[in-house]
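Colleague: If you scroll down you'll find the structure; I have some questions about it.
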Amino acid sequence: MSSNADTSQAVSAGTSVGATFGKVAVLMGGMSAEREISLMSGRGVLQALRSRGVDAHAFDPAERDISELKKDEFARCFIALHGRFGEDGTVQGALELLGIPYTGSGVMASSMAIDKVMTKRVMLAEGLPTPTYVLLRRGSYGSADVSAVPDKLGLPLIVKPAREGSSIGLTKVTERAGMADAVAQAEKLDADILCEQFISGDEVTCPVLGTGSEARALPVIRIVAPDGNYDYQNKYFTDTTQYLVPCGLPEGEEAVIQQLVLQAYRTLNCRGWARADVMIDKVTRKPYLLEINTSPGMTGHSLVPMSARAAGISYEDLCIEVLKTTALDHQSQGGGAS
């Protein structure tokens, strides 16, 4: 009897908390190359929020005009969009104009973080370690420039579009003859192609929850992919990649990674939540920041829920915690929503 009563009280409490958020739009799908991943993330978030009594509704900006959010009287948005028009500051700017608070980073932080080259420039300016790179911009480079990249970065090296996620368009180039094809593949997706020094060693990722001084790093996950190839397919559609949490790094290294990630998160002025990817040189054990994802995946294979679970945070609680951070840029700067 008491067990049923406890369950009833827990459900009632969850429903009560959910009601405080008002009508919530879970933005999913969108128009980027990561649309399918976004739909998977969004469906998971939608189900989790509803299970906690939140009046949550799916909203696909590729199928509906964003202005309908205001007309339909949504109180806030959980952004489960990935890639362009979703985590690049575009939808964030639209929500700012509509006066609807949203999850994740604001306009400027989102637009900087999705641009891997801009992120690198900011990191280097702040003295944060990131792999050496060469930028190739469509229309301003020739075959000689492409051939010269291995001379500057060594082999192997990484070639990827500057503004895509989920490893879409990424190629690990192991010999000079593969450069032209790798650049052509990346250029199909972006006018800016990032060629990056390859760091051989442990690949790790670390989520962050919170804003400013209240931001905290979650447990680090070490990623062990088949043949070291953590590509789009291995990220989302296979079970052969290992995700180790606890990460099993040498003593003290996890804390160093967490501190570095928090520093990068605050440097870009991220808020709410994000996830940073890091490589650790196998010889020197020096960590190198690769990128920060300001709208991380929330699929069954995604890393933020996995790390949160290791910290004792369920998927449902994680969604609620992220939803609690909804804000507008001008609110966080001391203003109020119109």
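Note: Cβ is positioned from N, Cα and C throughout, glycine not excepted.
Straight out of Swiss-Prot:
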DOMAIN    120-324  domain 'ATP-grasp'
BINDING   150-205  ATP binding site
BINDING   D277, E291  Mg(2+) 1 binding site
BINDING   E291, N293  Mg(2+) 2 binding site
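Show me how these features fit into the structure around them.
Modeller: Mean predicted confidence for the domain 'ATP-grasp' (120-324): the pLDDT average there is 94.
Spatially close to L157 (ATP binding site) yet at least six residues away along the chain are V149, P150, K172, V173, C195, E196, Q197, F198, judged by Cβ distances under 8 angstroms.
The Cβ of D277 (Mg(2+) 1 binding site) has E203, V204, T205, L289, L290, E291, I292, N293 as same-chain neighbours under 8 Å, each 6 or more residues away in sequence.
N293 (Mg(2+) 2 binding site) falls within a strand when secondary structure is assigned with DSSP.
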Colleague: If you count CB neighbours within 10 Å, which one among the binding-site residues T171, N293 has the smallest count?
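Modeller: Each of the binding-site residues T171, N293 was scored by Cβ atoms within 10 Å; lowest is T171.
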Colleague: In which DSSP state, out of helix, strand and coil, do we find I199 (ATP binding site)?
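Modeller: I199 (ATP binding site) sits in coil per DSSP, no helix or strand.
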Colleague: Which three-state DSSP class does D277 (Mg(2+) 1 binding site) fall into?
Modeller: strand
Colleague: Reduce the DSSP letter at T171 (ATP binding site) to three states and note it down.
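Modeller: Reduced to three states, the DSSP call for T171 (ATP binding site) is strand.
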